[in-house]
Structures are given as C-alpha cells and as structure tokens.
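The structure appears below as structure tokens.
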Amino acid sequence: MHAETKPTDHKAAALAAFKDLQREPGVTKPDPILVVDNVVRRFGGLTAVDVKHVEIQRGSITALIGPNGAGKTTFFNQLTGFDTADAGEWTFNGSRMNGVAAHKVARSGMVRTFQLTKALSKLTVIENMRLGAQNQKGESFFRALLPSSWRAQEDEITARADELLARFKLDAKREDFAGSLSGGQRKLLEMARALMVRPELVMLDEPMAGVNPALTQSLLGHVKDLREQGMTVLFVEHDMDMVRDISDWVIVMAQGTVIAEGPPDTIMSDARVIDAYLGAHHDAPLSEEELEEQLQEAEAALEAEVEEEAGK
Amino acid sequence: MDWFNIMVTTVEAAVGVETVFYMLAAIGINLHFGYTGLLNFGQAAFLGVAAYGLAVTVVTIGLPFWVGIGIGLASVILLALLLGIPTLRLRADYLAIVTIAAAEIVRLIFRSVTFKDYFGGSDGRYGFSEGFFAMNPFSKGEYGIGPFTFNERVTWVLLIGWILVGLSCLVIYMLMKSPWGRVLKAIREDEEAVRALGKNVFSYKMQSLILGGLIGSFGGYIYALGYASVQPDAFSTELTFYAYTIVILGGAARVFGPVVGSMIFWVLLVFIGNLLNELIEAQYITWMSVNQIGAFRFMLVGLGLVLLLVFRPQGIFGDKREIALDAR
C-alpha cells in the first residue's frame, strides 16, 4: 500500500525540483506553495522567530529541523494563525495569510497537527473524523434542527471517514473514545482527521514524538502517502533517521532564524548546522577569535578548580 | 407531627413553580457548561434581564404583554453579546469572572435608588401579568390529582412552564445529535484542535451563550409570572450556584440531567425544611429555632454537593468517560 523504497513519480518530481537549487537559506523554489517574508515574533526581549525568507516547494516533503528552542513550533504557530506575528507577510497559494484567523487558514487548505496530540479524547474516533469535514450543513444552528437537511451529507462524510480509518488501520477502534487510543494511534487519528479537511499543505508538528517503534514505519508510510496523493508536507522533527528517510528537502532553524537549507543526505555535514547543534548548550561562538576566547576561559576555569582541589 | 402535610408539599415541590424556574435556568447552564465548557456564572443576570424586560415594558412604559416578552428576549441576546464579545476569545476563566461581576452589576442597577422610577428599587415591580392571565384557559378553581392541587393561576403558569421545559429539552436533544452539537462538544475539550479543523470557535461559543441565556430567560418569565412580581434579590448569584448544583446533581451534558436534578434538589430542600419545621414545633428538636431552618438546609445543600463531587462527580445520569468534574 505504501510507496516503499521504489521512487515514484511524485517523489521523482519533488527531487527533480530540488536538484539544481543552491544550498542557501531562503533559496527560491521552482513552484512554491508557501512563501514567507520577514516573519518576526518576540516574547518580551527574546526574539523567538526572525525568518527573512523561506519557500516551500509544492508537492514535496520538507523537514524543518533545529535544536530545542530554535523557534520551529513558534514559526508553525505564526503561519497557521495560532499566534500573532509582530511583523511579516506570507502567502499560501498566492493569497495573503498573515493576520488571518486560524480557522480560516485551515479552511484555505493549510492544516496542521500539534506536538502534543490533540485527539479529542471524549469524542469517539469516528466523531473525531467527522468533525474534520468542511462545509457541513448541520453545523449551522438552524439547519442542525432539521436532520433531513444534513443527513445525506453526514452519510457521505461518514463513508469518507471510514475509508480513511481503514487506510490508517483505525477502523477497529471506530466506536471507541479517542482517549482509549495509544499515543501512536492518536497521532494517526490526528493525521487522518486533518485529511478530512482536504488540505493542500499538511503541517505536522513532531509526528514521531512519543510513537512506539512498531508504529513508526506505518506513520512514515502515511506521510509519504500524502505526497503521493499530491499534497505538500511540512514537518518539524527531531528524529534525524526519519528526516533522512522521508524528506526531499530540509530547512534548518536555530535561534529563530533559518540558517541552512539543503537535501537531507548532505545537510547534516553543513558547518552551520553542526555549529547550531553542538553549540546549542553554550553560547555559540560567532568567530574563530571568540571560539579561542571561550576555550581559554574554559581552561582557566579548569585550572582554578584543580588548584582549589590541591589547596585543600 | 403532620406527615400528610409534609408529603403533600414535598410532592408539589417536584413540579412546582420554583422547580420549573430553576430547571430552565439549569438547562441553559447545562448548554453553557455541560456541552460547551463555558463557565457562565452570571445566569441570574439572563433571568433577571428577561423578567425585568417584561415588567418594565408593561408597568413603566405601559406596552402590552407580548411586547414585554419580546423586549425581554432582545435584552437577553444583547446581554449575551455584551458579555461574549470581549471575553469569549479569552480563556474560560475570564468569562467566569466577567459574568459573575456582570450579574451583580445588573442586580444592583435593578435595586438602585437612582433608577427606582424604572425598576422599582428593592421592592421591584408587580402588576404586569394581567395580559398573561387573561389568556388563562383554566376557570377559577383547584386543579390536580387527589390531595395535590394548584389554583387556576399556578396551574396555567405550570402548564406553560412545563411546555417550555419540554421544548428546551427537545431543542437541546436535537442539537446535540447534530453536527452543530459535535462542534460544541469538541470545543469543550480542546478549542485549538477545533480551530485547526477550520471551525469558527468564537461564533459557536457565542451561539451557545445566547441560546443558553434564552432558555434561562424562560425561567425568568416563569418566576415573574408565577409570583406576579419581580424583585432584584431574586436574581442574585445564589440562583446561579443553585442552578450549577442542579446541573451537577442531575449530570452535566445529559438532556434530562437538569430536569431530574431540579426535581430532586427542590424535593429534598422542601422535605428537609418541612421535616425540621415539624420536628421543632413538636419539640423533638430544641437546639434550633424555626427561623434557622432556612440557613441550616442550605448548609446541608453545601454538604450534599461536596459529597456528590467526591463520590459521584458525573452526577446521576452523567457518563464519567464523557464529563466529570475533577474533584480529586
């Protein structure tokens, strides 16, 4: 069912699109679905996000990686309307999306999932799925009181939901409360529910977090499936194996900015990326002199400690 | 001891005006709190505004009864918008703070000396219910079964009251079976997830606030007509908290939860009150006086609520998997 190792048309197309690109932050893509310019988000004195320019290629799987606190989730929140950016503009499919409310962003075809899974645990699995469908007649107050006006549409929605549940192997859990699912199954449900919206761009915030290894392969397969069905995927992830396995292009963030872009097989050898990851727990040295200075400081501190030890 | 009298008043309390009035207030709360997760602590204001809308229109302005009902309902919608627009975008607890304060503001305006000419101060308003009783199909007399009887006016109020309860329950039942209700229940659990699926959460919360307020306002009318008067202190925060007790007792997020909750609440309250009264008069209890019964039985309500939250947080009909107040 899943597109396994065999490269498919969609994968080939995505790889071809990236083939001749420069490996520079903010590089222009041939057919971007999402174009972001100068997005800034500050929390008090801390600048959490400061992205100059980034483009997401249509029909590809793009990974957004970076050390903890790099601003990846905050960036996601800005783009999807869950948090208000201090400045910046971005377009999705050519239409402006900055300042647009979260529910309207979702309706326009840009649907996200959450780092901490938001399966609605007190609704059944099938009700979770039905909730995702758009333009439901029965969701308007007065029509809700006339079941005949929405019954037929509800049946269609249910049929589509059942199809997706079967694909995600959740059909056996159909009538269970979502709260009774395992962590991995919740991730699957959240992804399936997002597909009920019929998105063009699926944004997954750490789809692998808390998923047991048995489900990992299945989840990876589902993400690849999204591309096969013509959707664009942007995901945040820490698991480098997963990033290497499924992404066509990788964007690296550190301290709120995009520091590097490139294909997954070479990105981890990029000097800026190594700096960002290894320097994440210290003040990253900006220049050679600074690095030298930090080393000397560390040496001095060590010597002082040794002397103190000797003095006792 | 007059056991017969205790039994009659207790049974009458199960269907009486007070029970119906609280029932309607609680059905509204159940929509807000039980289904949508909105902490509306100002339900008393919705009842008060409706009742006063009717009373002031008829008594102060001199317009007909139905105009009064219309103005009352319009005022309720206006109040819901006023409360909702600034707070429904914020976290749930802000709505609680704002609604409880707004309800007190409304009550204090009704009883203020400045507006005595309009609202009648602490005496309230009366003499607005002729239009309603002119429609009374029951001729003078007592109606009921055996010893349980009501006079023609109370019977008429109760008939309308129970019809309103029936209609409200039907509407809630149909809504909660529909996709509209599904969105509401989803909002109760996690607004952000619902927003991420393209639903306008603010709009749904507003619709819920308005509808629950309108159902509550029916209770305001039943009170006003049942007692043929309105006083500001009838719409104090106490009313709201009894309504919450009723919802929790019956089971939140259950269509008939508030109905059964209100009946049990008032049956118990009336039974305990009457029993204590008889016991004191018969000298079986000497450590308290008849005047203290009122306060004492509400202490028992508090105790009962605590026990309920500890031992059965989902109420009588509630489903623990769906909604339970986390008391532990």
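Each residue, glycine too, has its Cβ placed from N, Cα and C.
On a predicted model such as this, the values are computed, not experimentally measured, just so you know.
Record features, source TrEMBL:
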- B:6-31: transmembrane segment (TRANSMEM)
- B:38-59: transmembrane segment (TRANSMEM)
- B:65-85: transmembrane segment (TRANSMEM)
- B:92-110: transmembrane segment (TRANSMEM)
- B:156-176: transmembrane segment (TRANSMEM)
- B:209-227: transmembrane segment (TRANSMEM)
- B:292-311: transmembrane segment (TRANSMEM)
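Looking at which of B:6-31, B:38-59, B:65-85, B:292-311 has the most CB pairs under 8 Å to the transmembrane segment (B:209-227), the answer is the stretch B:6-31. Only sequence-distant pairs (6 or more apart) were considered; of these, fewer than three Cβ pairs between the transmembrane segment (B:156-176) and the transmembrane segment (B:38-59) are under 8 A, so the stretches are not in contact. By the Cβ criterion (under 8 Å, sequence separation of 6 or more), the transmembrane segment (B:92-110) is not in contact with the transmembrane segment (B:6-31), since fewer than 3 such pairs are found. When Cβ-Cβ distances below 8 Å are used as the criterion, the transmembrane segment (B:6-31) is approached by residues 40, 43-44, 46-47, 147-148, 150, 154, 157-158, 161-162, 164-165, 168-169, 172, 208, 211-216, 218-220, 222-223, 226-227, 239-240, 242-244, 246-247, 250, 252-254, 257-259, 261-263, 265-267, 269-271, 274-275, 278 of the same chain, each at least six residues removed from its ends.
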